[in-house]
Structure formats: C-alpha cells, structure tokens
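In Swiss-Prot this protein carries:
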BINDING   Trp11, Arg30, Arg31, Lys95, Ala127, Arg241, Val265, Glu267  NADPH binding site
BINDING   Lys95, Gly123, Ser125, Lys177, Asp230, Ser240, Arg241, Asn242  sn-glycerol 3-phosphate binding site
ACT_SITE  Lys177  active site, proton acceptor
Amino acid sequence: MKITIFGGGAWGQALAFAFAQKNEVQIVSRRNISTALMPLNEILNKNSHRIILQSSLEESLNSELFVIAISVQALREWFIRARLNQNSKILIASKGIEEKTGIFVSQIAKKFISLENLCFLAGPSFAKEIILGLPCALAIHSCNPILAQKFANQMPSFIKPYIEDDIIGGEVASAYKNVIAIAGGICDGLNLGQNAKASLLSRGLVEMCKFGEYFGAKMQTFLGLSGAGDLFLTANSLLSRNYRVGLGLAQNNRLEDILRDLGEVAEGIKTSQAITQISEKEGIYTPIATEIQKIIQGKSPLESMSTLMKK
C-alpha cells in the first residue's frame, strides 16, 4: 500500500519509518530533510528502502492513505493549500489546540474532510524510540472503526495499536499533557523534589480530565494511553521538547533561546494560551495551565509553583 506522510520533522520521519516496514511511503515536507535531524535520517537510510522524499504536494496525492504530522497551528492553512479530496483517508498525528480560535484538531479537519474519513493518533511515543524499533502502544481515535483498523493494519509489529472511539478525549489528552509536561520540567528545573512533582502531575491529570469532560470526553480515555500514558512519558524525559521547555524556563532562559535550541515545535506553549482562553470563556478551572501561561508571559516560575502548591 502507498502512504504519504505530510511533515518532515522528527515525528513525521518516525511515522514514515514505522509505516515503511509494510508499505511504500513518501514524506512531503517544505523543510530540507537532507540536512534536518541528521541522526534520524541516518537511521532511516540504513533501515528502509521504501521511503521517498517528496517536495511536491501535487505529486503526493496519489496515495491510498495519508498521515499528517505537522504543527497544529499550521494545520488549517495546510488543508486549504492541499485541497484533498473529501474521500481521502487521513490519520492526523498532530497534537494541540489552535491558538487563534481555541478549537480542536478534529474541528479544523472536518471543515475540509468528512469525519468518517479521519482518524487521530495518540499515546506515549517518542520519535527516536520508534525509529529504533522499540516496542510501544498507541491509540487510534475515530468514529470509523473500519478505517481505524485499516491504519492499524499498516503498523509494524513493534507498535501495538488500540482502536478508540472517543475523538475529543484523545485530542484533549494529547494536547493538554504537553502543558503539564512543561510544568513537570519546571518542577525538576527548580529541584522541588519528587513529592512536589507527583502532586503536580496527578493534579494535572485531574485538570485535563475535567477540561475534557466539559466537552464530552470520556473519563476512561484520560486513564489510558492517550492521557496518563502520554503524560507520564512526556513530563519525565529529556526526549520531550515540552519538558525541556520547562527546564529552560526554570533556569530563567529566554523562551526565544529555548525554542531556538530545540529546533522543533513545542506545542505546549501555544496550547497553554488556547486552554487559558477557553477556560476563561467557559468558566473551567485550569490552575496549572493558567500558571504555565503566566510563566511564558514572564512570571517567576518559582512564584507560580509556589502558588500551585498552595491551591
């Protein structure tokens, strides 16, 4: 089967490697893949002969399945530019909330593609470990279980896919955990200890559950791979960009410098802004997301953590 991956970042390349174990894959990206993320490219070149690097969007639209792994903030523009057929079968691997509108990924995508033709990937997964072929489990959220199973069947043996029907829950969990991961990095960067961090992460999980339930998500989704699983991974590892943003903020580094050093998007930054706007509008209590947004805007990380521990 032929699969097109849109997005040449670490996540897009990792998914290309994974799907290429069973399929012919092409990556479409506006970035120069040959010079970006060289360690990943070396592994791709050594382990797969089925990956084609493609720069032309038009020439990439002849695949049976499509995977989108670009920044959520660029997703709307991408759909407008791509002009995909309404019947295109798409797996969206982007995680976040659109900052300027405060809407979820599915709400953006269904303006261009029928929800029946959309699936959403979630769960604990670092690009580096996927490219190394290390085992992991992921969730595919969709209202169309047949399509979700079709994507699941294309995954390699080292990935165990689970089919879920809670689209909103998967989206909220995938987006919100990035914000809590920034908080986890700040907690570690300030050397507040494991007791404080355990309190922060457990309260963060409750916070994202309540936020998701407000929009109709299922509680069980947040206790599974898409919620707790992804949160525990992302908030505890240097492989996590959002966690490293938190570390940098705790050390009083400028956000611009932190992002430059990362070289990749950290979705939790924009997502914290979107969540804060939504919670203020809807009256949802989101203290951790609110404090993270204040830190991004210049508030002392230590003062914010102190505020949270007193609530």
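Here, residue 1 is simply the first one shown, and the rest follow in order.
Cβ coordinates come from backbone N, Cα and C, glycine included.
In the three-state DSSP classification, Arg30 (NADPH binding site) falls within coil. If you take the CA of Trp11 (NADPH binding site) and look 10 A around it, the binding-site residues you hit from Gly123, Ser125, Lys177, Asp230, Ser240, Asn242 are Ser125. Straight-line distance linking the Cα atoms of Gly123 (sn-glycerol 3-phosphate binding site) and Lys95 (NADPH binding site), rounded to a whole number, equals 10 Å. Local packing around the Cβ, expressed as the count of other Cβ atoms within 10 angstroms, is greatest for Lys177 among the binding-site residues Arg30, Lys95, Lys177, Arg241. Lys95 (NADPH binding site) is 10 Å away from Lys177 (sn-glycerol 3-phosphate binding site) when you measure Cα to Cα. Each of the binding-site residues Asp230, Glu267 was scored by other CB atoms within 10 A of its CB, and the lowest score goes to Glu267.
Asn242 (sn-glycerol 3-phosphate binding site) is 9 Å away from Val265 (NADPH binding site) when you measure Cα to Cα.
Reduced to three states, the DSSP call for Ser240 (sn-glycerol 3-phosphate binding site) is coil.
Ranking the binding-site residues Ser125, Asp230, Ser240, Asn242 by Cα distance from Glu267 (NADPH binding site) puts Asn242 first. Cα of Arg241 (NADPH binding site) to Cα of Asp230 (sn-glycerol 3-phosphate binding site): a span of 13 Å. For Trp11 (NADPH binding site), the Cβ neighbour count at a 10 Å cut-off comes to 23, with all displayed protein chains included. Lys95 (NADPH binding site) is 12 Å away from Asn242 (sn-glycerol 3-phosphate binding site) when you measure Cα to Cα.
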